[in-house]
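> For reference, the structure I am asking about is given below.
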Amino acid sequence: VVRSFFHWTFMVSYWLAARRLPFGNATALVYVGPLFTVVPAYFLLRERISPAFAVIAPLSFAGLLLMTQPSFLFGSSTNESMDPTGIIYSTIAAISLTVLPVITKCGRDSHWLQIEHGSTFIGGFVLTPLAIWAENHLDATRPPLGTELADAWGTLLAHSTSIWMVLLIPCAQFV
């Protein structure tokens, strides 16, 4: 259930960031998350940190800066601006992506299909409808984020084979 929450948070935050930022910038910001996976892995799983990480991490951040070209380093440009809300969504997605491998490794006794399908099912059929309901019923003064979540959920449904596998694999056992 914890992994489902972080997986869902990653997917929704990533799609919301991609709607507010240039797609390359959103992707670059989100996928910096795995660089930080070493921190919870070191403390929670007692994983060893390779000495090569001292070289890899700064190079990765330099690449991120070259890709996103922030105005505080490169001056103002005519490119699309970086929406602060999109940066927040990217940061939330990166943090969620940071803890996913650690949580997955903690569930060593479960088959990977159980983990993936459980995460997809709980995220798609419990967390997303709950978030849409909460957004529409709890705070009427804000713009409807539920619309954006529904759009992200529809995109995930259209492109995710995992959801169809959740429905088909149990049926295939009886054939």
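Positions of Cβ are set from backbone N, Cα and C atoms, glycine also.
Quick paste of what TrEMBL says about this protein:
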DOMAIN    6-68  domain 'EamA'
TRANSMEM  23-45  transmembrane segment
TRANSMEM  52-74  transmembrane segment
TRANSMEM  86-103  transmembrane segment
TRANSMEM  115-133  transmembrane segment
TRANSMEM  153-172  transmembrane segment
> What same-chain residues lie close to the transmembrane segment (86-103): Cβ under 8 Å, and 6 or more beyond its ends?
2-3, 6-7, 9-10, 13-14, 16-17, 19-21, 26, 29-34, 36-37, 39-41, 44-45
> Would you list the DSSP helix, strand and coil counts for the residues of the domain 'EamA' (6-68)?
51 helix, 0 strand, 12 coil
